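Residues or ranges marked as ATP binding site in TrEMBL: 109, 110, 111, 112, 113, 114, 115. The annotation domain 'Mur ligase central' is assigned in TrEMBL to 107-286. The domain 'Mur ligase C-terminal' feature in TrEMBL is assigned to 308-421.
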């Protein structure tokens with residue numbers, strides 16, 4: 001019997017452990033932290049050995065295969081030793097790929113991948129296809145395969161997950177864009193981050209499809225370097241760029257398999273220029289998967305986006321409060337600011353990931369009335385916009401940020417939480433930050449209306 005070591009007992013680690021057990025492996029799970037009680041119960045029930053609070057290095061390195069959590073870099077001493085020993089070190093998605101026979105639509109990119117993933121999944125599901133949702137959103141692919149396979153899998157893939165892939169083969173692969181992000185993981189080099197993203201396409205064949213955003217300069221550079229065998233489709237906001245899908249007036253146009261479909265922009269359930277791009281990707285993928293225009297239009301009508309993405313929480317005294325906590329980098333925040341023409345009270349800050357705020361200056365100059373820095377270290381953010389924004393305040397309390405926003409805003413303005421930074425200085429994650437913002441805004445609304 002071959003032995004597999006699962007490093008990390010989170011959602012993906014648990015799924016990988018149970019699937020590996022079903023595949024006939026001897027399984028050992030190791031987590032440096034504490035494993036959640038319900039996950040421990042599942043492991044015990046399945047007869048899987050585990051440890052917590054440490055890594056038994058000798059036992060792990062004696063395995064035939066290592067499946068690691070995507071959050072663990074290959075640069076850690078343990079992973080380096082495993083690679084140096086010649087052990088295969090893979091991601092949970094790679095393990096699941098060996099079990100599933102379903103066609104894969106895989107989506108990656110710095111921004112827009114979750115919305116694009118959810119929209120594609122919704123379009124296929126509402127059209128009656130036997131489809132599953134996995135990867136960086138929803139439940140682990142491995143865990144779902146324990147209950148059975150699907151004809152199609154729509155999988156959101158982060159660069160960290162892609163780094164652990166070897167044979168993973170999407171029929172349709174989508175790169176929404178590449179902007180500087182997670183550079184701490186890639187030695188501060190955008191090129192290394194880009195190359196990670198482009199590994200998604202290396203196992204595709206001539207009868208597969210690769211979708212890109214034509215205006216994204218880093219993607220363009222990567223396409224020139226990569227040997228992409230799949231049929232390339234380009235998405236653009238400009239019809240003159242001769243793309244496969246584009247915005248033309250008030251219509252989204254997609255040309256796939258010698259067919260053209262046109263969807264009015266008013267049919268889109270999501271706002272903002274960036275969501276037009278996401279919708280063009282989703283429509284093109286859905287059409288490539290065989291959906292008709294009628295099926296796509298029907299699916300669009302019933303779609304609801306995930307929270308924390310330009311989520312309108314409430315309107316209070318004529319002021320809109322928007323939760324864009326998922327805006328964890330400069331590009332995402334630029335999209336958010338572009339979506340509003342009125343005055344903006346901007347709440348930003350957190351853990352800076354090597355941000356260059358220069359691209360935001362024109363948008364901030366035109367739209368932002370005040371900046372509230374929400375984070376432990378706001379020096380870089382304040383320095384970037386000093387002299388551009390009239391009023392800049394800082395706080396480590398999200399309720400105080402909401403109170404100040406109400407004082408600063410006038411009727412018709414927007415209070416926008418779009419941090420351009422990670423959340424880990426004050427919050428568990430971006431969801432926690434968004435949830436606290438939503439709760440604070442709704443509490444304010446209740447007090448005012450009482």
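Placed from the backbone N, Cα and C atoms, the Cβ positions cover glycine too.
Counting only same-chain residues six or more apart in sequence, the Cβ atoms lying under 8 angstroms from the Cβ of residue 112 (ATP binding site) belong to 176, 177, 274, 275, 277, 278, 281. Excluding 109, 110, 111, 112, 113, 114, 115 themselves, the residues of that chain whose CB lies within 8 A of the CB mean position for the ATP site are, in sequence, 107, 116, 176, 177, 278.
This prediction places the mean pLDDT of the domain 'Mur ligase central' (107-286) at 90. Cβ neighbour count for residue 110 (ATP binding site) (all protein chains, 10 Å cutoff from its Cβ): 24. Applying an 8 A CB threshold to same-chain residues 6+ apart, the list for residue 113 (ATP binding site) reads 107, 136, 156, 157, 174, 176. Within the set of binding-site residues (111, 114, 115), the lowest number of other Cβ atoms found within 10 Å of a Cβ is recorded at 114.
Taking Cβ-Cβ distances under 8 Å and a sequence gap of 6 or more within the same chain, the neighbours of residue 109 (ATP binding site) are 116, 174, 175, 176, 177, 178, 197. Secondary structure of the domain 'Mur ligase C-terminal' (308-421) per DSSP (helix as H, G, I; strand as E, B; remaining residues coil): 37 helix, 35 strand, 42 coil.
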